[in-house]
Amino acid sequence: MGQRMEESGKRKDKKSVSLPRRLAVLAGAVFLFEILIGNYSSVRSLFYQETDLTDRLEVTWEADAPEGDGAAKRLTAVIDGLDMRIDNLHFDLEMPKDAVVSISISLVDEGNRYPYPLPVMEAAGRYPSTCYTNLYPYGKVHSLEIVMEAQEDGGLLLPESVWEGPESASAVRAEGFAFDGLRANVRRPFVLVLPRMLLLFGIGAFWLLSGEKSGVYRVRFRADSRRQNLATAGFLGAFLLLGLVLALSNRACVESPWEHHQQYRQLASAILDGHVWVGRQPELLELSNPYDTSYLLAQEIPYLADYAYYGGNYYVYFGIVPELLFYLPCLALTGRAFPNFLAVYFAFAGFAVSVFGLYREAVKRWFPDISYVLYLTAACVTLTFGSFVYLVARPDLYHVPLMTANMFTAAGLWLWLCGLNRKKRRTAFFFAGSLCMALVAGCRPQMLLFSAVALPLFIPLFAPFPVSLSALLPAPLSARRSSGSFLEKRSMKGDGLPGKRGGGAASALCGCCGGNPVL
């Protein structure tokens with residue numbers, strides 16, 4: 001008896017010693033993640049050779065102030081004859097902490113004869129890291145054109161020490177911006193984002209502290225549990241609120257000032273007028289190649305970018321389902337155009353509901369002994385670590401059909417499993433799931449590949465002999481389901497924890513869907 005107590009005490013001592021060691025290893029892993037992944041651009045820049053481009057700039061500016069005032073509202077800097085590889089740029093700006101300067105960059109490289117614009121960046125005085133930007137040109141850069149414009153208050157101040165001329169620095173404003181120079185291929189400083197590090201460490205520490213005997217893992221999934229259903233609704237509501245906050249925080253996409261982002265709205269108006277073209281330009285047919293945009297730009301011939309052009313008319317090439325689901329009914333019933341950001345958000349909300357429902361039905365069918373926390377983990381990982389948060393955080397036109405396809409794909413799989421898990425109304429669920437999968441073709445056709453999941457789901461229903469799901473799964477997933485995963489090893493016999501069946505479920509759910517950017 002005494003020997004057993006002594007052995008038990010030794011085991012406790014080992015665990016108490018190993019926990020600080022594991023936390024230290026976790027802290028080191030978080031630090032390495034922050035350095036290698038969070039500061040990947042800084043790691044890449046360690047091998048760059050810096051080049052100062054200040055002396056090669058040709059600068060012009062537009063001053064809104066009275067004549068003779070050196071403060072400018074808009075500055076244009078051009079560099080020709082570069083013929084060099086440029087991986088990043090650093091803008092040497094002096095500005096108040098509450099100031100913001102928008103910077104537009106256009107360049108010509110080995111793969112493009114005419115200048116093409118890059119996304120507009122914003123340099124904020126409060127965050128020095130925003131004065132750096134990465135470039136990904138095709139080969140060497142031949143020329144650069146940079147337009148800098150002060151936001152809201154103040155102007156750009158051109159110091160006499162850098163720019164020579166009678167108008168330079170003749171006046172100084174307290175809210176002015178000083179543009180001191182431009183450098184290429186600089187070594188970016190490492191910036192440790194403490195909130196991100198604390199979040200990662202907190203998640204890892206929670207996983208370590210909620211060990212094998214934690215009561216969290218002893219609560220098994222129960223579809224009829226009111227508490228679990230309320231907790232699930234709470235997590236789902238948190239994701240819906242997060243999606244709404246992210247969508248509304250992107251003011252550029254909410255306002256959507258770009259002409260080519262109005263295509264769904266234009267198509268709705270065209271359909272109500274009795275046709276499907278959204279613009280006409282038959283004079284382009286007189287050209288030998290009306291699709292040569294380089295020639296059109298060189299000849300200064302106007303055209304609509306990012307439309308389908310055929311027979312003198314412009315058409316929308318995006319999927320028709322979002323048009324019929326959101327834009328056309330809104331315009332027909334209210335006379336107002338439906339905003340793109342709401343379409344992306346509604347699709348994200350439908351996708352989130354479908355993911356929680358899909359995993360719920362999957363657990364009920366194949367892994368009824370899984371712990372409830374692992375069910376929540378699988379659903380939250382899928383919504384968080386895919387590209388879905390990015391899609392709703394940038395709710396523009398291009399993400400409308402993609403997010404809608406995600407929603408219908410997840411909803412189709414969910415409804416199929418609902419039919420398989422029920423004897424009543426099975427046909428209705430199968431029909432609804434198949435309809436959702438068919439609608440994917442009208443959003444993003446390549447995502448119809450997920451319809452192949454129907455084979456392992458429905459073959460057992462019609463096969464003349466018994467067929468197990470594991471026999472139809474790919475070898476890695478079948479092996480996971482039969483032999484379990486790391487999560488299984490956390491379970492202990494007789495303590496109410498999920499056994500191998502539950503561990504296989506978490507492995508299959510997270511492994512199959514958690515990192516997939518298009519499900």
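Note: Cβ is positioned from N, Cα and C throughout, glycine not excepted.
Residues or ranges marked as transmembrane segment in TrEMBL: 190-209 (among others).
Residues 341-342, 344-345, 348-349, 352-353, 356, 360, 372, 376, 379-380, 383, 389, 392-393, 395 of the same chain lie 6+ residues outside the transmembrane segment (230-249) yet bring a C-beta within less than 8 angstroms of a C-beta in it. The transmembrane segment annotation in TrEMBL covers 230-249 (among others).
Under the heading transmembrane segment, TrEMBL lists 341-360 (among others). Within the chain, the transmembrane segment (341-360) has long-range Cβ neighbours (under 8 A, six or more residues past its boundaries) at 223, 232, 235-236, 239-240, 243-244, 247-248, 250, 253-254, 256, 264, 322, 326-327, 375, 378-379, 382-383, 388, 391-392, 395-396, 399-400, 403-404, 406-407, 410-411, 413-414, 417-418, 509, 513.
Feature annotation from TrEMBL assigns transmembrane segment to 372-392 (among others).
With a threshold of 8 Å between CB atoms, the same-chain residues lying at least 6 positions outside the transmembrane segment (398-417) that come near it are 264, 318-319, 321-322, 325-326, 340, 343-344, 347-348, 350-351, 354-355, 357-358, 361-362, 365, 388, 391-392, 429-430, 432-437, 439-440, 443-444, 447, 450-451, 453-454, 457-458, 518-519. According to TrEMBL, the transmembrane segment annotation covers 398-417 (among others).
Per TrEMBL, the feature transmembrane segment maps to 429-447 (among others).
Feature annotation from TrEMBL assigns transmembrane segment to 453-473 (among others).
Residues of the same chain lying 6 or more positions beyond the ends of the transmembrane segment (190-209) and with a Cβ under 8 Å from any Cβ of it are 19, 22-23, 26-27, 29-31, 33-35, 38-39, 42, 129.
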